[in-house]
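Okay, structure first, notes after.
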């Protein structure tokens, strides 16, 4: 992440002044060790506005949006492999945004105060050795979760039948756990990169100053594990997914009206989910380009790009906070669930969203659960066929008895069943209702 190189470069540019060499000093050596000479530099207004205004605002709003996404995607009726990945991505976004607000604002505040003996500087010095690694763990997890989303959509588009077996919610949860473990193990050395001296000031550790550590872990580790492999997978698979989606749209236009409404609706939902995943991954790639260039310039070429570093950090936070916009644009059910949770089903926004009663009529706002008592068309027709077969098996009638009853003119009265599938007044809705015996 660009914030790591930002803090390391800041520490390398901050020099300690020995107070015993200052004219007029009359204290002890111990007192001189813990003096905090102010080091005021020229104010960088771009960094100040970004770190003290833009990023805190984005982090607060984005954290609230991430919590909303987590609540929606973990609902029982939203359970799918893609939604499991999106829930995990929202958790990583929440962690990243929360800890970014704890890093950047104190960082710039300490810079403006000349790295002096102030409360802001002491908070920044004490908290950064553990907030910075946690934020990098969250960023690593979000990168590989985007890879998992890309693979999930690639399988769903190119292997639709096999994806029903391969891409299950349980397997998606297992992959998320594996991504989390990998991120923690891969970024664990960062907990030993920064330390505090005897006066509490932030300093790089012996490990971070090691030449081989910076060359192999910091440089090549970032290039391979966070840039080369995941970006290559996302770019290549998204090319295939975009081609498949374009081909599906052409087939859909050529076969307009040739399929039933339910099959066409399922196809549209699948394409919409795929487009949402494509938009999310492309947004991730675009917003992380600046941070990737900053890291390459500062770790490989040892060149600072100036104001591009705070811009890269801003784009990373903006990417994590903007995912809810993509979900809302492409996810009809996501929009419905958000409106139901925030405004209730009687809100006028429900009419604007054109939400049918078949999807939201059973929402219970008191305990936050949804009881699905409606069946879609395919399930209802299958149930009707099964009941017809069960009636025939339970009440067999030979051809001879049937002919006698037909000759006598007595109407045939089938045995009444308790639960039968009937049509209700709502459009395109089939439900289970109890009929009198």
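Just so it is clear, glycine is given a Cβ too, placed from its N, Cα and C backbone atoms.
Keep in mind that TrEMBL annotations are predicted by a computer and have not been checked by a curator.
The feature domain 'G-protein coupled receptors family 1 profile' is assigned by TrEMBL to 64-327.
Annotated signal peptide per TrEMBL: 1-19, in sequence order.
Sequence annotations record features per position, and here TrEMBL assigns transmembrane segment to 49-73 (among others).
Through the fold, the transmembrane segment (85-104) approaches residues 3, 7, 50-51, 55-56, 58-60, 62-63, 66-67, 69-70, 73-74, 124, 127-128, 131-132, 134-135, 137-139, 141-142, 145-146, 148-149, 152, 172, 175-176, 179-180, 313, 316-317, 320-321, 323, 327 of its own chain, all at least 6 residues removed from its boundaries and within a Cβ separation under 8 Å. Positions annotated as transmembrane segment by TrEMBL: 85-104 (among others).
Annotation source TrEMBL lists transmembrane segment at 130-151 (among others).
The annotation transmembrane segment is assigned in TrEMBL to 172-192 (among others). If you look at the transmembrane segment (172-192), the same-chain residues 6 or more away from its ends with a CB under 8 A from one of its CBs are 4, 81-82, 84-85, 88, 129-130, 132-133, 136-138, 140-141, 144-145, 148, 152, 205, 207-208, 213, 217, 221, 225.
Among the features that TrEMBL reports, transmembrane segment is placed at 220-245 (among others).
According to TrEMBL, the transmembrane segment annotation covers 273-293 (among others).
The transmembrane segment feature in TrEMBL is assigned to 305-330 (among others). If one looks beyond the transmembrane segment (305-330) by at least 6 residues along the same chain, the residues whose Cβ comes under 8 Å of a Cβ in the stretch are 1-3, 5-6, 9, 44, 46-47, 50-51, 54-55, 58-59, 61-63, 65-66, 68-69, 86, 89-90, 92-93, 96-97, 100, 104, 139, 142, 272-273, 275-276, 279-280, 283-284, 287-288, 290-291, 293-294, 297-298, 338.
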Annotated stretches the transmembrane segment (130-151) and the transmembrane segment (220-245) touching (3 or more Cβ pairs under 8 Å): yes
Chain residues in Cβ proximity to the transmembrane segment (273-293) (below 8 Å; excluding those fewer than six residues from its ends, i.e. six or more beyond): 1-2, 82, 142-143, 146, 149-150, 152-153, 156-157, 227, 231, 234-235, 238, 241-242, 245, 305, 308, 311-313, 315-316, 318-319, 322-323, 326-327, 329-331
